[in-house]
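So that we are looking at the same thing, I have put the structure below in structure tokens.
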Amino acid sequence: MIKSVQWVLFLSVLVAFAACNAPPVPLDDISIEKTFVPEQCVRAVKVGDYVRYHYIGTFPDGKKFDSSYDRGSTYNVYVGKKQLIEGMDKALVGMCVNERSLVKIPPQLAYGKKGYGDLIPPDSILHFDVLLLDVWNPEDGVQIKTYHTPSVCTRKVEVSDYVRYHYNGTLLDGTLFDSSHTRMRTYDTYVGIGWLIAGMDQGLLGMCVGERRFITMPPSLGYGENGDVEKHLSFFFSLPLYNSPSHPSDGITVTNQIVPDSCTRKSVSGDFIRYHYNGSLLDGTFFDSSYSRNHTYDTYVGLGYVIAGMDQGLIGICVGEKRTITIPPHLAYGEEGTGSKIPGSAVLVFDVHIIDFHNPSDITEITVTKKAEDCEKKTKKGDFVKYHYNASLMDGTAIDSTYNYGKTYNIVLGANQVVPGMETGLMDMCVGEKRHLIIPPHLAYGERGVTGEVPGSAVLVFDVELISVEEGLPEGYMFIWNEDVSPDLFSEMDKDNNKLVEPSEFTDYIMRQVNEGKGRLAPGFDPYRIIDNMFFNQDRNGDGKITEAEFKLKADESASHDEL
């Protein structure tokens, strides 16, 4: 009994030993063990496809007989066209890009009884660790998937348009081979005229500004069999279109117009315009704003002082109008751009608000808003006038008002005490009359304006009401006699009879004549300054006294003197 048990144990050890050294069990068909499956499989290999894959080939005992990694190159081949051993042809069908599988192939589906030279012995079972990297078919075209669509699309890309876009270019396995982002500038080109690979030419057509697409193209529409990296690559581009398609024949586009109810005049070439703006690229990237400088942009239009598109966009516009002007690059900053702010070949978008405009030939515009009930006389040069006003800019911004101070503004017309436009606006006016004056800057405060009050080159608006007027003296006179002049004028002035007229004597005499109504000083001026000036003109030698020989009436003087 004991011997029989020992014999059984011996047989079992022998069987176990034999099993450890036994040849592999023959396979009837291939065996596939998927070691990695990607989350998404957009496309699986089918018969007739062209694939790129890496592999490591080993025997069942782990001994390696071949590897694409060792050669530093993928294995590239058509599937199902007998370019591979039968087992590999079967194993590749259904695989996805980035999928990895362990494939076991029996000899009848590999190199059979003949083997393969000294490399593969006859009747060998082969193991392949396969990683699929790429798949395409000669019948493939460009595949487009839009993953972001803008809410507004005013224009789609057409053949011969010029576009700016960013892109990331990868192989199908995700390997990045190029990106515009790494160069920190868009790719700028014409579409559909052969400047791009055929697949990109097709993939860009029909896109909108702001649209984002995945574009997948086979090598036949990419870089062909030679490629830039390796033969027969499929490419995957992810790109957002950053700029409106533009064509050299494109003009500006005006949208979002808000026109004021009252527009008595529209801008023409040669006008000087003050406007605010926000400037951006078509994707919304901001590059400049007049608001940030708290100052309008002031320029002539139609004369080449601004980019051509803005020159066009500011013609035919009203004061107070708002509009959006879209300018193609050939009417903006062209292929060069302006450095870091505006890229080359950029379409620009300006949201503008017109503050005012004028022409260098403009005069003061006068509109009577209320006529006087009675008008015995009208204002003229030299008159002393008192008036109220409200002053504002063309956009309605208030500047000043005499009503706030509770007193009138008083001037002598023609004495350069106000801006020229106001002088003109107050001429030939009746007491009680009201006028609306529009004064261009060259007749107001010019290019400099008034610091903190009136912007440079501003058109001014005045609503004026004439309160009173005191008739002035004839031109050239600061004092006139209302009565005949005394023949003994010098003696009347010389109170102390010393044959000299002192300044005090002169002043007392003139003021007495004015107070008694015998004479009149020019209104609106300091009377004592006028009298001092009269004395100075009579004091020929400048010694501070007037002798009888120096003393003369105006009738005896040349026209250059304004005294007695």
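Each Cβ is built from the backbone N, Cα and C atoms, and glycine gets one as well.
Curation plays no part in TrEMBL annotations; they are all automatic predictions.
I grabbed these lines from TrEMBL:
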type   : residues : note
DOMAIN : 48-136   : domain 'PPIase FKBP-type'
DOMAIN : 160-245  : domain 'PPIase FKBP-type'
DOMAIN : 270-358  : domain 'PPIase FKBP-type'
DOMAIN : 382-470  : domain 'PPIase FKBP-type'
DOMAIN : 481-516  : domain 'EF-hand'
DOMAIN : 526-561  : domain 'EF-hand'
SIGNAL : 1-20     : signal peptide
Other than its close neighbours in sequence, what residues sit by the domain 'EF-hand' (481-516), given a CB gap under 8 Å and a spacing of at least six beyond its ends?
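Same-chain contacts beyond the ends: 527-528, 531-532, 534-535, 538, 544-548, 551, 553, 564.
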Take every residue in the domain 'EF-hand' (526-561), average their pLDDT values, and give the whole-number result.
80
Using DSSP, what is the helix/strand/coil residue split across the domain 'PPIase FKBP-type' (270-358)?
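Residue counts for the domain 'PPIase FKBP-type' (270-358) by secondary structure: 12 helix, 35 strand, 42 coil.
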By DSSP, what is the split of the domain 'PPIase FKBP-type' (48-136) into helix, strand and coil residues?
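The composition, in the requested order, is 14 helix, 37 strand, 38 coil.
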Within the domain 'PPIase FKBP-type' (382-470), how many residues are helix, strand or coil going by DSSP?
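Split by secondary structure, the domain 'PPIase FKBP-type' (382-470) comes out as 13 helix, 37 strand, 39 coil.
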Treating G and I as helix alongside H, and B as strand alongside E, what does DSSP give for the domain 'EF-hand' (481-516) in helix, strand and coil?
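Counting residues per DSSP class in the domain 'EF-hand' (481-516), I get 18 helix, 3 strand, 15 coil.
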